[in-house]
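Database features (TrEMBL):
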DOMAIN    14-130  domain 'Response regulatory'
MOD_RES   Asp65  4-aspartylphosphate
DOMAIN    145-220  domain 'PAS'
DOMAIN    223-275  domain 'PAC'
COILED    263-290  coiled coil
DOMAIN    357-409  domain 'PAC'
DOMAIN    416-604  domain 'Histidine kinase'
Amino acid sequence: MDGVGDPEPGGPIRVLHVDDDTEFADLTASFLERANERIVVETATSAREGLARLEDGAVDCVVADYEMPETNGIEFLERVRERWPDKPFVLFTGRGSEDVASDAISAGVTDYLQKGASTERYELLANRVENVVDGHRSRQLLAERTRRLETLISNLPGIVYRCRNEPGWPMTTVEGEVTRLTGYTSEQLEDGDVAWGEDVLHEADRDRIWEHVQDSLATNESFEVTYRIVTADGDTRWMWERGQLVDAPDGEQRVLEGFITDITDRKERERELEEQAEALEAQYRYLFEEAPVMAVVTREEDGKPVIDDCNQRFAETVGESHEDIVGTPLATYYTADSARKLLDGGGYDRALAGEFVREDRELLTADGDVVETLLRAVPRYDACDEVVGTLALYIDISERKELEREKERLEEFTSIVSHDLRNPLNVAKSRTKLARDEGDISHLDAAIRAHDRMEALIDDLLTLARTGEEITDWAVVDLSALAGRCWETLPADAATLDVRVDCEILADRGRLQQLVENLLTNAVDHGGEDVTITVGELEDGFYVADDGPGIPPDERDEVFDAGYSTVQDGTGFGLRIVQQVAAAHGWHVDVTESEAGGARFEIRGVEFG
């Protein structure tokens, strides 16, 4: 730059007027500033002073006389050009001749004007000064912008172009890393020796790119495309291009301008990542399908798990096809109790929150069978690292659970044999010895009662041992008739039975009778001689209720424990037998309060015939 005060056209213009006539210089300054409000004039009376003023401050234009002491205007112009080659310089002289004009032009004068006496001459000078300064500033701005553009283009990792919107994409201007990326020169593309759309763009991508670009241009939108090119050496490279339709410099035809850059390395990384992802997916699918456990992938919908995928082991366990399972709510394959734990108990929410969930779950098969499992659940994430569901693994622990139950029954049996039978046995032995030693046969009555007690215990123990066995003899049983038969066997003359059921259920007839008999016996034993017992129907089962004293809420969890009884001569096994018979059928028993304030036992999960 030449020290221009304001680089933008239209700004203030600082003029240095050099003339040895002080009065004329002041007059000229006044007329110039009056003729154009943009102009601010400084004066100097000699070439030496003029050069000093140029060194000191920003001057946009020099106006100088030709005839001055020590040097003339041409010599002064030459001195200025040595230091400021492009500074606007107007020779304003009273000596007009072709020789002076020729010498001025040769020295690089910007404009030449003869002095005159009229004010119009100063207006003309002001107009000349404004034109040469604005022109100079415009050229400087253009040069700076061109320099910046060239710097930008030279540092861009790609190609900047202008081309006609024709299938061959003929280039009118192409700059940047043309040769490095394509192997061709800019001149080959601009001269038409090489056509971008025919010789460079990969043949397989041409139609696709043309259609995409035209669709974007039809809506006056810029376009972005990714495609392959074939270089001059025959190599294939991937390019990304962004462009838009603009007015051509000649104004006759609109052209495309845009930027193209090489994305081959990125494409290669993407391909490698895709291959790695495919390998990981194959490993995952292998583990998913071949794992010795049931596996289920869920997605979250309205806070509930829906199955997205499952392995063959899960499908075989629940007895449905993979196609039928996918899209089904997970709770569909849970028992009611496990479904409550999953949803109401917060099991699924905890897994979504990142907790490693480890709990027992009961799966329900298509045939209604229950499969006891150990659940392991962890959150599942999408590509944005957002939790979208869970991965759940189920380990079949049915056999282990059955062994645990067998162990519990054995321990229970052993405990009863070692404790409950020992007392009446000791009583019988002691009374028999006393009868023999004292000859008093009244001791034998107590011994007989002890034997009766042991016989009842043994019968209940044998029943208890059998009730947990799997049901194999299913039949359709009339519940009302069975309740009546059970009642006939009970010594309860003052008690009343009210049967309010008229249904048939699927059950093992013999074990169902054990269940009902024990419930009726329990009601008679605990409800009093005149107790009223009701057998009623539920939506998914039946109940046995009485109007006796009932069971306190804090003892209801204990009534099914072996040995629990509030009657002095009770064995404490009746309700335990009820619970095991129900469990063997896949039912569950709940105890609550009856409408009359007594005990009410509800058997649910029953299938009606």
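Yeah, the Cβs are placed from backbone N, Cα and C, and that goes for glycine too.
Mean pLDDT, taken over the domain 'PAC' (357-409), works out to 87 on the 0 to 100 scale.
Sequence-distant contacts of Asp65 (4-aspartylphosphate), defined as residues of its own chain at least six apart whose C-beta falls under 8 angstroms from its C-beta, comprise Val18, Asp19, Asp20, Asp21, Gly73, Phe92, Thr93, Gly94. When DSSP labels each residue, the domain 'Response regulatory' (14-130) comes out as 57 helix, 24 strand, 36 coil, counted as helix, strand and coil in that order.
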